[in-house]
Amino acid sequence: MGILFLSFMLPSIAQTISINHSQATVSGDQQTPYLLNFAGIFTFFFLMLGPIKILIPFVKMTKDTDRGFRRKLALRAALISTIGCLVAAFMGQRILQSWHISFSALLLAGGIILFVVALRMVMQMYSSPHGNETTPSAPTLALAAYPLSFPLIITPYGIAMLIILMATAQDAGRQIGILCILFMIMVLNLLTMLFAHTILKYIGVITLHILGSILAVLQVALAIEIILQSFIRMGVLLKVF
């Protein structure tokens with residue numbers, strides 16, 4: 001299953017990791033085109049706001065709970081995450097304008113955060129497990145807000161990309177398309193949490209760790225690409241390829 005997932009996702013990642021430079025301009029930047037098509041947006045949202053990174057944490061949080069608690073926790077986390085993303089999507093452009101932040105600066109910030117987080121994930125593969133881990137407290141529905149919604153589902157770099165995509169959309173149709181993709185990702189997050197224990201049972205922890213390792217390396221490369229593209233938009237670097 002992991003191999004099938006990678007065979008589907010990797011071509012999409014390869015096609016979207018390079019950002020188009022041929023359209024529209026806005027104040028504060030030399031150019032701010034449509035960064036991605038809808039397939040690319042789905043791929044970016046899946047990597048940045050999607051379900052893979054929440055599967056194991058959710059299982060660990062709810063391993064000693066009943067199905068009813070898991071369902072309530074999953075529904076609440078999905079609702080909080082969706083509302084948080086919608087607030088960011090609609091308020092982001094106003095905040096950018098009032099604070100005079102360029103899209104390139106926001107793109108650079110998102111790329112740096114993604115790089116740090118993804119690099120940390122890669123480096124953790126080589127660190128030895130700690131033997132003095134504290135025993136987790138009894139799970140409550142408060143976990144839906146933290147850490148499930150923030151920062152596991154709603155990541156800073158995911159929000160940065162969402163704000164940029166919504167702010168650079170030049171018509172309502174494209175904004176609706178972006179929000180529909182976002183809603184699809186949130187539904188996937190909900191389904192992943194609802195069936196997390198079953199999914200992990202059939203996929204296995206080892207397979208999931210391998211998949212996570214591959215995606216972590218790809219996220220490092222993606223972060224570097226985003227940083228370079230932000231420099232290109234600022235005019236600091238020239239596009240070579």
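Cβ from N, Cα, C; glycine included.
Keep in mind that TrEMBL annotations are predicted by a computer and have not been checked by a curator.
For 34-52 (among others), the entry in TrEMBL reads transmembrane segment.
Sequence-distant contacts of the transmembrane segment (73-93) (same chain, at least 6 residues past either end, Cβ-Cβ under 8 Å): 49, 58, 61-62, 65, 139, 141, 143-145, 148-150, 153-154, 159, 162-163, 166-167, 178-179, 182-183, 186-187, 189-190, 193-194. TrEMBL lists 73-93 (among others) with the feature transmembrane segment.
Residues or ranges marked as transmembrane segment by TrEMBL: 99-122 (among others). Note on the transmembrane segment (99-122): residues 26-29, 32, 48, 155-157, 159-161, 163-164, 167-168, 212-213, 216-217, 219-220, 222-227, 229-231, 233-234 of its chain, located 6 or more positions outside it, place their CB under 8 angstroms from a CB of the stretch.
TrEMBL lists 143-169 (among others) with the feature transmembrane segment. Outside the transmembrane segment (143-169), and at least 6 residues removed from its termini, the chain residues within Cβ reach (under 8 Å) are 24, 26, 32-36, 41, 44-45, 48-49, 53-54, 57-58, 61, 73, 76-77, 80-81, 84-85, 88-90, 92-93, 96, 103, 106-107, 109-111, 113-114, 117, 175, 178, 182, 189, 193, 223.
What TrEMBL records for 175-196 (among others) is transmembrane segment.
The annotation transmembrane segment is assigned in TrEMBL to 208-232 (among others).
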- Query: Hey, which bits of the same chain come close to the transmembrane segment (175-196), Cβ under 8 Å, at least six residues off its ends?
  - Reply: 38, 41-42, 45-46, 49-51, 54-55, 58-59, 62, 70-71, 73-75, 77-78, 81-82, 85-86, 89, 148, 153, 162, 165-166, 169
